[in-house]
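Peer 1: According to TrEMBL:
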DOMAIN    5-89  domain 'Cytochrome b5 heme-binding'
TRANSMEM  111-130  transmembrane segment
TRANSMEM  136-153  transmembrane segment
TRANSMEM  174-191  transmembrane segment
TRANSMEM  253-273  transmembrane segment
TRANSMEM  285-305  transmembrane segment
Amino acid sequence: MGDSKKYITAEGLKKHNKREDVWISIQGKVYNVTDWIKQHPGGDIPILNLAGQEATDAFIAFHPGTAWKHLDNFFTGYYLQDYEVSEVSRDYRKLCVDFAKAGLFEKKGHGVMYSFCFIGFLLFLTFYGVLFSNSFLIHMLSGALLGLTWMQISYLGHDSGHYLIMTTKGFNKMVQIMSGNCLTGISIAWWKWTHNAHHVACNSLDYDPDLQHLPVFAVSSSLFKSLNSTFYGRELTFDSLAKFFVSYQHFTFYPIICVSRVNLFVQTLLLLFSKRKVPDRFLNILGILVFWTWFPLLVLSLPNWTERVLFVLTSFAVTGIQHVQFCLNHFAADVYVGQPKGNDWFEKQTAGTIDIDCSPQMDWFFGGLQFQLEHHLFPRLPRCQLRKISPIVQELCKKHNLSYRSLSFFEANRWTIRTLRTAAMQARGMLWEAVNTHG
């Protein structure tokens, strides 16, 4: 009996790559998810970035086993012609199955409880130092502790955005709003919007929002071409102002990072008050109002404006260490221009990430994200499991001759500054050429 299945070619599948017509392939079966993207918990952008493609590895990375049963609702009846699985993908999928059978995705340890206790202790010390001490040094130390608190809260919010850290989805959402909006002033809705896009399009200059920092920073001269940001829907203009800032970015990197939290506040407000569909908009706005109530009141409790300004700057500078860390994980890694491809998922993650080598005693400080590649490959894996699987990931990279970069914190900073300096020198050459041309 002949094969009665209906097939579609890869080229035919590519035609279904628009918002009003979105098809994807998962394990060779083709699904029409046009209507689903409006309800997708992870947002529409991750699906749109992989529209018209084979996307099995990305689907496996972001979804638990319970998600598979829902796929049949979207099956088109078509199968992808000449569907093949690369050796890298085959090994990656086997690892996912092995980790699931071992229960690693469910074994979260006691890290969440420890985090809650530690954050509560830090907040107590911060408020006590501000409200019950007259010492300038204690006030500055309290500012530093607040910055450290924000770092730890961000890690907790990050975890809750990737997997359930609480017993129910309702409690998990409550933690997200509390940790993100109420305590840090940064919307969990904004974080999900940008972070999910970053994971799918890791280090794509025109698809990954985490590399789109013009006019202030540019990690590659490819950004000098004024690329169009698919994420923001606008041109990343590289004009004379951008040339000037980028020309000195290896000097301005750390000072700007010290106050970069201001940009996150602004980005949060721009999203929440935009026309874009925002999940739980009311809760997000309410949470932001909570932050902008307690934080100004805490700052105003200090005796004078000198201490108030220094307190805010100190808190921003300390939490800036975390912003530096995120830059170290990607700025000096490989970049590319164009849409992410579903058939080289593993390769793109290895190319676009850099791990930070540290002792187990420092895992709390880096929130598990020093294992950046491991996290990108297995985003649903609790942070307490990342160190355990690291040797396995290294072996797989070695087997397939893929890069696995793990640098000390100092060395990663050196690589990042070198990357920024290289782009700065190229921009400076363009700047001086423009000056000499126009006088």
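Every residue gets a Cβ built from N, Cα and C, even glycine.
Structural setting of the listed features?
Peer 2: Same-chain neighbours of the transmembrane segment (111-130): 138-139, 141-142, 145-146, 148-149, 152-153, 155-156, 159, 165-166, 298, 301-302, 311, 364, 382-384, counting only residues six or more beyond its ends whose CB sits under 8 Å from a CB of the stretch.
Outside the transmembrane segment (136-153), and at least 6 residues removed from its termini, the chain residues within Cβ reach (under 8 Å) are 115, 118-119, 122-123, 125-130, 179-180, 183-184, 302, 307, 310-322, 364-365, 367.
Among residues of the same chain six or more beyond the transmembrane segment (174-191), those with a C-beta under 8 A of the stretch's C-beta atoms are 149-150, 153-154, 156-158, 160-161, 165-166, 264-265, 267-268, 271-272, 278-281, 283-284, 286-288, 290-292, 295.
Distant neighbours of the transmembrane segment (253-273): 185-187, 189-190, 193, 216-217, 281, 284-285, 288, 313, 316-317, 319-320, 323-324, 327, 416-417, 420; these residues of the same chain sit at least 6 beyond its ends, with a Cβ under 8 Å from one of its Cβ atoms.
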Peer 1: Please work out the helix, strand and coil residue numbers for the domain 'Cytochrome b5 heme-binding' (5-89) from the DSSP assignment.
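Peer 2: The breakdown for the domain 'Cytochrome b5 heme-binding' (5-89) reads 33 helix, 22 strand, 30 coil.
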